[in-house]
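Visitor: Pulled from TrEMBL, these are the listed features:
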type	residues	note
DOMAIN	21-491	domain 'Major facilitator superfamily (MFS) profile'
REGION	495-528	region 'Disordered'
TRANSMEM	21-46	transmembrane segment
TRANSMEM	66-85	transmembrane segment
TRANSMEM	97-116	transmembrane segment
TRANSMEM	160-187	transmembrane segment
TRANSMEM	210-229	transmembrane segment
TRANSMEM	342-362	transmembrane segment
TRANSMEM	368-386	transmembrane segment
TRANSMEM	398-416	transmembrane segment
TRANSMEM	436-456	transmembrane segment
TRANSMEM	468-486	transmembrane segment
Amino acid sequence: MGLEVLEALDSARTQWYHVTAIVIAGMGFFTDAYDLFCISTVSKLLGRLYYYDPTTGKPGKLPVSVNNLVTGTALVGTLTGQLVFGWLGDKLGRKKVYGVTLIIMVFCAICSGLSFGSTSKSVMTTLCFFRFWLGFGIGGDYPLSATIMSEYANKRTRGAFIAAVFAMQGVGIIFAGMVSMLLSAIFQSNFKAPTFLQNQVLSTQPQGDFLWRIVLMIGAIPAMLTYYWRMKMPETGRYTAIIEGNAKQAAADMARVLDIEIQAQQDKIAEFKAANDYSLTSDEFFRRHGRHLIGTMSTWFLLDIAFYSQNLTQKDIFPTMGLIAKDVNMNAINEVFQTSRAMFVIALLGTFPGYWFTVFFIEKIGRFKIQLIGFFMMSFFMFVIGVEYDYVKNHKNVFALLYGLTFFFANFGPNSTTFVLPAELFPTRVRSTCHALSAAAGKAGALVGAFGIQSLTVNNEVKSIRKAMLLLAVTNLIGFLCTFLVTETKGRSLEEISGEDGGDSEYTATPPDGRVSMTRHRSETETM
């Protein structure tokens with residue numbers, strides 16, 4: 001029961017508009033990553049500025065609860081935004097709500113930098129309020145960008161295109177470190193100060209209060225630059241044809257942006273819709289797609305415990321490993337510079353290459369195998385760091401190599417594939433919502449990292465950092481096992497994968513004896 005508009009999209013040659021769509025959707029993820037991770041570069045500065053206690057003889061530090069809230073409230077907002085915009089994307093259309101996410105991100109990024117108050121508590125409360133809503137806008141980008149890219153792409157390069165959109169997250173993380181590093185270098189050269197040991201009070205430059213605000217507000221710029229082009233994108237052909245039932249409009253929209261000729265076939269739309277008219281909460285959905293949804297949610301949840309723990313806690317691990325100076329041997333702005341520089345180098349050499357390895361190899365190796373390899377290698381390297389911590393903490397180069405490899409295999413692995421698979425496994429009617437549920441499960445895992453794992457590392461205690469690494473190693477090993485709940489999607493159309501074309505999707509073929517057939521899954525796994 002194939003529709004020509006869908007077959008034309010699947011077989012269309014790669015064109016300039018595909019590249020344009022990657023950039024438009026990818027800039028959202030660039031902004032997302034910058035906004036979520038730049039807070040790690042300046043959170044220690046916030047502690048020096050607002051929580052200095054002269055009776056301790058130590059630089060000011062955010063209390064554990066405040067530190068967790070400052071870094072974690074955006075993740076709570078992201079989880080909420082994913083669920084809301086994912087549902088709206090299926091109900092109202094992908095395009096209608098796509099621009100709203102950017103407006104929220106621009107407004108709240110600016111307001112985060114304008115968080116004022118007469119007390120440290122009021123400043124942190126205002127900051128957390130706006131970072132929640134910033135995360136809300138960021139959350140909407142996850143299901144919408146993934147769904148839009150999957151529905152535009154042809155089946156030969158769909159995985160690479162979706163992965164390329166997500167790879168912009170790596171660029172955003174690099175820019176978060178680079179912008180903080182460059183700005184702190186400028187401030188450092190213009191506002192010199194002694195180290196904390198030399199002078200406890202003068203070591204915290206008051207100009208640092210401008211530095212962290214500028215770093216946060218810069219996150220609004222890429223979102224502003226992208227808004228116009230998002231509004232020019234037409235609704236995806238799959239949504240217009242299958243959900244709105246307007247094959248003629250879908251054919252016209254796709255012919256306008258892609259160099260393809262499409263027959264509308266309006267007479268087949270009603271038949272196609274009737275064959276796939278079941279809701280997310282129905283028994284039919286659970287029979288067809290329940291196992292896959294459990295798989296995408298569980299693997300993303302477990303991955304983000306490790307991934308966000310790594311990114312949010314590296315500022316605490318770097319001093320312990322000697323990658324940056326001890327806090328008492330730096331002034332406030334120099335601490336931002338050294339932390340940002342270390343994050344930038346780790347991101348450039350470990351995080352960034354992993355994303356693009358996925359882009360280049362996902363259509364050759366496949367999603368399933370890349371995810372298995374990534375989870376296994378992350379578990380292995382974190383286990384080595386945890387078990388041999390006494391050794392690696394005294395050998396900075398060894399630690400940097402092992403720690404960088406965990407980032408590399410996170411991104412040439414489950415951090416990319418958990419984003420790709422939910423955009424491919426589920427039917428058009430609920431694709432955005434299912435991706436949102438999977439992504440929200442991921443952010444629930446990120447909250448475990450922000451409020452749980454980060455509590456182990458915030459005080460720079462060697463025993464606690466060792467414990468955190470071993471916990472993350474076990475988490476990744478469980479993610480490896482949960483990967484077997486999903487399946488390979490390489491080289492097949494979205495309708496073939498989900499069963500919308502009238503065929504059986506994975507785990508839905510029911511033989512005469514009533515048992516669920518696993519033949520198809522096994523054969524595909526064996527060919528990877």
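Glycine residues also receive a Cβ, built from the backbone N, Cα and C atoms like all the rest.
So where do these features actually land, and what's packed around them?
Guide: Within the chain, the transmembrane segment (21-46) has long-range Cβ neighbours (under 8 A, six or more residues past its boundaries) at 61-62, 67, 70-71, 74-75, 78, 101-102, 105, 109, 124, 131, 134-135, 138, 141-142, 145, 148-149, 152, 161, 164-173, 175-177, 179-181, 208, 211-212, 215-216, 218-219, 222-223, 225-226, 229-230, 233, 311-312, 314-315, 327, 332-333, 335-336, 339-340, 343.
Residues 35-36, 39-40, 43, 46-47, 51, 97, 100-101, 104, 124, 127-129, 131-144, 308, 312, 436-437, 439-440, 443-444, 446-447, 450-451, 454-455, 458 of the same chain, all 6+ positions outside the transmembrane segment (66-85), place their C-beta atoms under 8 angstroms from a C-beta of that stretch.
Remote same-chain partners of the transmembrane segment (160-187), defined as residues 6 or more beyond its termini with a Cβ less than 8 Å from a stretch Cβ, comprise 18, 21-22, 25-34, 37-38, 40-42, 145-146, 149-150, 152-153, 205, 207-208, 210-211, 214-215, 218, 311, 333-334, 336-337, 339-341, 343-344, 347-348, 351-352, 354-356, 358-360, 362-363, 411, 416, 419-420, 423-424.
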Visitor: Taking the transmembrane segment (342-362) as the reference, which of 210-229, 368-386, 468-486 gives the largest number of Cβ pairs under 8 angstroms?
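Guide: Comparing 210-229, 368-386, 468-486: 368-386 has the most Cβ pairs near the transmembrane segment (342-362).
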Visitor: The transmembrane segment (398-416): which same-chain residues, six or more beyond its ends, come within Cβ distance under 8 Å?
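Guide: Non-local partners: 163, 166-167, 170, 299-300, 303, 306-307, 310, 314, 317, 321, 323, 346-347, 349-355, 357-358, 361-362, 370-371, 373-375, 377-378, 381-382, 384-385, 391-392, 479, 483.
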Visitor: May I ask for the residues of the chain that lie six or more residues beyond the transmembrane segment (368-386) and have a Cβ under 8 Å from a Cβ within it?
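Guide: Distant contacts of the transmembrane segment (368-386): 299, 303, 306, 358, 361-362, 392, 399, 402-403, 405-406, 409-418, 421, 466-467, 469-470, 472-474, 476-477, 479-480, 483, 486-488, 525, 528.
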